[in-house]
Amino acid sequence: MSTHADSKPWTVPALAEAKRNGQKLVMLTAYDAGFARTFDANGVDLILIGDSLGMVVQGHDSTLPVTVADMVYHTRAVARVLQRALLVADLPFGADATPERALDASLQLLQAGAEMVKIEGAGFKVDIIRYLVEREIPVCAHLGLTPQSVLRLGGFKIQGRGDAARQLVEDARAVAAAGASIMVLECVPTPVAAEVTAAVEVPTIGIGAGPQCDGQVLVLHDFLGLDSGHRRPKFVKDFLAEGGSVAGATRAYADAVRDGSFPDEQHAYAS
């Protein structure tokens, strides 16, 4: 099985090739140059500037207060040091409310160094994704638990159970057809995430979505066992405890994702 060379910078087309080759993708969030440099040098394939920074960096109770300016600042800091990992940046809450707003925010993020933008949800967002892709902006979709929908959802809850599973699969097909290059599946039962992964040609990146996704992502503070001021989800594992250092934890996480040992049943939702 051919795999992406460790020293070769990641590109958007290489992500789909990785899925075809059965190569697991390793993703982490980062918000500054120091952590990003360490992750980049120790096996991380994609780095996400997540609007999770609103909770773990800024101290908010949700991601809703994060602005485009916040995202641009952190994107610039991370982009300066990356040599290998592909850089993805979130469109924050409200920035993708219309095609024009999404385009403006996306251009700012790409000019700051991002190589892809992430959009939460389906529905009218499918047309937003298509609009951006038609304008040469790579997009990462995000389905399942979408933190920007926390008010509507009534909290951070598992998605895709029961009748909602079929809708999730349909949404995945829709965002893939619209041109999304990859998609994050968050807090989705393992069997449903496996069905989505089999239904689409683009790579799926799981976070609380079981081991059958094409890759995994964790929030920096969670995978290092740091206190972010919020309850730790079931799917989180403290890799610093076994890695002994940030670099060691990163290598341990990357190895566990690639060999399929993470996530195990303890760190996933069976139903």
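Just so you know, glycine gets a Cβ as well, placed from its N, Cα and C.
The structure displayed is predicted, hence computed values, not measured ones.
Residues annotated as active site, proton acceptor in Swiss-Prot, with sequence analysis given as evidence: GLU186. Per Swiss-Prot, the feature 3-methyl-2-oxobutanoate binding site maps to ASP51, SER52, ASP90, LYS118; the stated evidence is sequence analysis. Annotation comment: Swiss-Prot describes ASP51, ASP90, GLU120 as Mg(2+) binding site, evidence class sequence analysis.
Here the features listed in Swiss-Prot are painted onto the structure.
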| residue | record | Cβ within 10 Å |
| --- | --- | --- |
| ASP51 | 3-methyl-2-oxobutanoate binding site | 27 |
| SER52 | 3-methyl-2-oxobutanoate binding site | 23 |
| ASP90 | 3-methyl-2-oxobutanoate binding site | 33 |
| LYS118 | 3-methyl-2-oxobutanoate binding site | 24 |
| GLU120 | Mg(2+) binding site | 24 |
| GLU186 | active site, proton acceptor | 24 |
Residues within 8 Å of the ASP51, SER52, ASP90, LYS118 Cβ centre (excluding the 3-methyl-2-oxobutanoate site residues themselves): THR29, LEU48, ILE49, GLY50, LEU53, THR63, VAL66, MET71, ALA89, LEU91, PRO92, GLU120, PRO147
Distance, GLU120 (Mg(2+) binding site) to the residue listed as 'active site, proton acceptor' (CA atoms, angstrom): 10
For SER52 (3-methyl-2-oxobutanoate binding site), the three-state class that DSSP assigns: coil
10 Å Cα neighbourhood of GLU120 (Mg(2+) binding site): matching binding-site residues from ASP51, SER52, ASP90: ASP90
DSSP state at GLU186 (active site, proton acceptor), helix/strand/coil: strand
